[in-house]
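Marked as active site, proton acceptor by TrEMBL: A:Asp64. Here TrEMBL flags A:His60, A:His62, A:His140, A:Asp210 as Zn(2+) 1 binding site. Feature annotation from TrEMBL assigns Zn(2+) 2 binding site to A:Asp64, A:His65, A:Asp210, A:His268.
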There are 2 protein chains.
Amino acid sequence: MKLTILGCHSATPRWDANPTSQVLEVKGHLFLIDCAEGTQVQLRRFKVKFSRLKHVFISHLHGDHFFGLVGLISTFRLLGREADLHIYGPKGIKEAVLLQLKLGKSYTNYGLYFHELENKEPQVIFEDDKVSVTTIPLDHRVYTNGFLFTEKPGERKLNIDAARDRGVDLSYYNKIKQGFDAPDANGNLVPNTEITFNPDPPKSYAYCSDTAYFPEIIPQIKNATALYHEATFLELHYDLAEKTKHSTAKEAAAIAKKANVDQLILGHYSGRYPNLDAFKNEAQEIFENVILAQDGKVIDI
Amino acid sequence: MKLTILGCHSATPRWDANPTSQVLEVKGHLFLIDCAEGTQVQLRRFKVKFSRLKHVFISHLHGDHFFGLVGLISTFRLLGREADLHIYGPKGIKEAVLLQLKLGKSYTNYGLYFHELENKEPQVIFEDDKVSVTTIPLDHRVYTNGFLFTEKPGERKLNIDAARDRGVDLSYYNKIKQGFDAPDANGNLVPNTEITFNPDPPKSYAYCSDTAYFPEIIPQIKNATALYHEATFLELHYDLAEKTKHSTAKEAAAIAKKANVDQLILGHYSGRYPNLDAFKNEAQEIFENVILAQDGKVIDI
């Protein structure tokens, strides 16, 4: 998995700081997660190929997470896109986008599919043979979902030396990777585990923004490879976090620790803090493996 | 009048080229004209004070002219704006903005007034004692207005030396600037013209984007101090201009010449042209005083 941070600051776009959007590359997919104003420019700046984006996941309908969506959809149209585009987001997102396209008589010439969400329980909203995406209901001022991206176990890896030594014909290799046994040179069946390695363990990425401290999510994100958790405030401004239903860096770290994730990525910083290191320091008092999201940063998960 | 180009390219935002938005400073007002995605960032980049913007004029509801509006309105709210904001634009603009604010439960805490336009004849949409704004109905694929910003004649300028020589008491100075005669040291009435200079001639700025070649506008913009006229294409792509109801640089220049304006500003360039000088060269075959709009350029009118 490769995560590209297009923007990770809260609220108002600035010359040097973009609000939330990120691209997750997983098993051949490029998933766009949130789409603040300016996302299409950030996609170009960081050389993300527009045509590879087919699924957009919108956490909630605050402007700093979705005001760039209609512009992106329009730009796709102007560029002659043909591939379908699927939008997953809170109920109302379809009306907001289509109204604006209608006012400009700018209908898309590609398939635009809205998957509106209103369920308050986790639900699988995308699934193929390699990956699934499940909502993570969060606690914010408006209906909000995080998203859990989970790889499915891959094929077993062929131990090509072992297979050759045993004289297994290469016509069996595909079946072997799927877990089947295969005959050796003498026609005796070789157990699959003797000619394969275990596949890489499936990875998972949990995206949780925006949300108050909400331990109800812990069972769902347990043992995730990486957790992006918003940290709009430092503990210094705990009162503001509580009032606006955001989290502090310390709270994000507490979630990471309790969920036993491998890696915590912080973001959605309030503009009031000149130095982001304070977020890392505060979180690391509780949870060691902390990365600060920054616009343009690419994170291997 | 001072015009700041925030963006002047057509269609899709790019890292180095913003779609349409500009700020006109006239008689103490800062008028925002069109508001493409990214406008709030451009306003900050070019240090336009948010609180001075009180009137926004939207020509039409294509994304490259208005997708930045809702974000700007939201940002004003987040920054604690208190002053009223007036939006002038095609019918539908109110619903589009309010729907998005409603979805995010993000109502403004300042007065937000929409002045929706649907008239196909020119109409005065703003007026005070110093300036008026009149729509310029244009010919585009959707309902579109340009805007004519016209200064009203200012006060006469006091010829302070003449007034002193005649012994006019300074308590009359304000009245003199308003055009009244005043008594000299001997109580004889001095004609106003003998102790004042003419005011600066009122200026006018005509903003015309987007539009096909549309000579019907000429009577309305006759003798304007400056005309911004879209030039999406060069004559080379006349067929595209006609098909999409845009103009070529040559057509923009023809309008400028026939309307006898002082200065022509070109903009709304298609992204297909690597070198914008071709726009200037093409226009100057017909009309000499041509300026190419460029993001960040400040033009004295």
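Every residue, even glycine, has its Cβ placed from backbone N, Cα and C.
On the structure: features taken from TrEMBL.
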residue  : record                : DSSP class
A:His60  : Zn(2+) 1 binding site : coil
A:His65  : Zn(2+) 2 binding site : helix
A:His140 : Zn(2+) 1 binding site : coil
A:Asp210 : Zn(2+) 1 binding site : coil
A:His268 : Zn(2+) 2 binding site : coil
For the binding-site residues A:His65, A:His140, A:Asp210, A:His268, which residues show a Cβ-Cβ distance under 8 Å to chain B?
none
Sequence gap of 6 or more, Cβ distance under 8 Å: name the residues on the same chain that satisfy this around A:Asp210 (Zn(2+) 1 binding site), in order along the sequence.
A:Ser10, A:Ser59, A:His60, A:His62, A:His65, A:Leu138, A:His140, A:Thr144, A:Glu230, A:Thr232, A:Lys245, A:His246, A:His268
Look at each of the recorded positions, A:His60, A:His62, A:Asp64, A:His65, A:His140, and point out the one with the fewest other Cβ atoms around it within 10 Å.
A:His140
Taking 10 A as the limit, how many CB atoms besides its own sit near the CB of A:His268 (Zn(2+) 2 binding site)?
28
CB-centroid shell, 8 A cutoff, Zn(2+) 2 site A:Asp64, A:His65, A:Asp210, A:His268, site residues removed:
A:Ser10, A:Ala11, A:Pro19, A:Thr20, A:Asp34, A:Ala36, A:Ser59, A:His60, A:His62, A:Ser209, A:Glu230
